[in-house]
Amino acid sequence: MFTAARLARFQQEETPFYFYDMDLLRQTVAACRTASEKRNFHVHYALKANVNNELLGIIREAGFGADCVSGGEVEKALENGFRKDQIVFAGVGKSDREINYALDQDIFCFNVESVQELEVINELARARNKRARIALRINPNVNANTHHYITTGLEENKFGINSWEFDTVVEKLRSLENIDCAGLHFHIGSQVTDENVFKSLCVKVNEFKEWFAERGVYFKLLNVGGGLGVDYHAPDVQPIVDFERHFAIFEQFLELDAGQEVHFELGRALVAQCGSLITKVLYIKKGINTNFAVVDAGMTELIRPALYHAYHKIENISASSAESVKYDVVGPICESSDCFGKEVELPETSRGDLMAIRTAGAYGEVMTSSYNLRPKIRPLFL
Ligand SMILES: *Cc1c(COP(=O)(O)O)cnc(C)c1O
């Protein structure tokens, strides 16, 4: 990953910056495409993971659609050439303005998260003399066994329509004339590494589909969302996710009606491993238990460790020392949670060394902030 040539290049750049390995991205996207295409599965890229135009271009060229969670993302997807009939739009709090914009753009599908949203979309579509294509985002009450901040498919979560509202939904679908109900949608959470979770999801999807069919409601598509996890601990062992295995589970366990389409919304699995946050060591400071390595990137550049206690592998990519020492790797921001890793074993580190914080391509650069009046970080695409 960090060849001598790359390191030399990094040394010319002002730190911190995001480095994207575009070959790895291309290979990842190609692997996903091969595995999905042969099963006729439709993939929508979840824009919220990373919105750099350079990445979006490669993903769009593979023929993937876009999964958006705001009007701004719908606009971004369209600007980057994603086909409007491949754009899906989820979100528990779509504003009237966002809904109207998406209606005007004739996007493929709204993933609707409440009964009231169904009524509002119907009304706004009627005012425009249109029919809105929707999928019902169902809360399947499946535990994704992931961090509770990134779990979305439990009844206690705010996302999706819960089973106790299904009777009302069926009634509404009969009466709302500007709604075209095309599918069922699910997204149970992120960074799911236990494939049994997806098996459980398939079983639930089959049950829900059956329940609706018994009441005369049929769906053209099933959208099973994203959530496929990546290996944060050993990013170089299998840098490309096993898409084949992932899609095979849905192929095996979903019971499809004739002609029924299966859609996916993958974010992290496509872009996480191609990105690293590259940061320079500013100071080494003696602590009580461990030393601190103070680096020039902080939670303003990568908030996942502070926000979800997320683990990111940290490497000193320029040190030559054979001796290994433990450091708390911390940023410059005035918050104690501004820490990338505690007691990280690294080669003996000095001021000026370059560190790579790995697997940062997803939910990294998109979540940067200007807190402490930090300047905007730049990306480097190689
Ligand atoms: C975030 C999100 C995704 C993508 O999740 P990943 O874990 O990055 O694959 C897919 N669908 C919806 C509705 C989302 O909110």
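The backbone N, Cα and C atoms fix where each Cβ goes, and this holds for glycine too.
Keep in mind the model is a prediction, meaning the values are calculated, not measured.
Lifted from TrEMBL, the feature list:
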- 18-361: domain 'Orn/DAP/Arg decarboxylase 2 C-terminal' (DOMAIN)
- 39-272: domain 'Orn/DAP/Arg decarboxylase 2 N-terminal' (DOMAIN)
- GLY227, GLU265, LEU266, GLY267, ARG268, TYR363: pyridoxal 5'-phosphate binding site (BINDING)
- ARG268, ARG304, TYR308, GLU335, TYR363: substrate binding site (BINDING)
- CYS334: active site, proton donor (ACT_SITE)
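Features per TrEMBL, on structure.
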| residue | record | DSSP class |
| --- | --- | --- |
| GLY227 | pyridoxal 5'-phosphate binding site | coil |
| GLU265 | pyridoxal 5'-phosphate binding site | strand |
| ARG304 | substrate binding site | helix |
| CYS334 | active site, proton donor | coil |
| TYR363 | pyridoxal 5'-phosphate binding site | coil |
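Only GLY227, GLY267 of the binding-site residues listed as GLY227, GLY267, TYR308 bring a Cβ under 6 Å of any atom of ligand 1; the order follows the sequence. Apart from GLY227, GLU265, LEU266, GLY267, ARG268, TYR363, the pyridoxal 5'-phosphate site neighbourhood in this chain, defined by C-beta within 8 angstroms of the site C-beta centre, holds ALA46, ALA49, SER190, GLY226, LEU228, ALA269, LEU270, ALA362. Candidate binding-site residues: GLY227, LEU266, GLY267, ARG268, TYR363. Nearest to CYS334 (active site, proton donor) by Cα distance: TYR363. Cβ-based neighbour count (10 Å, all protein chains) for GLU335 (substrate binding site) stands at 14. Here the domain 'Orn/DAP/Arg decarboxylase 2 N-terminal' (39-272) has a mean pLDDT of 95 out of 100. The maximum pairwise C-alpha distance among GLY227, GLU265, LEU266, GLY267, ARG268, TYR363, the residues recorded as binding pyridoxal 5'-phosphate, is 15 Å.
For TYR363 (pyridoxal 5'-phosphate binding site) paired with GLU335 (substrate binding site), the C-alpha to C-alpha distance reads 20 Å.
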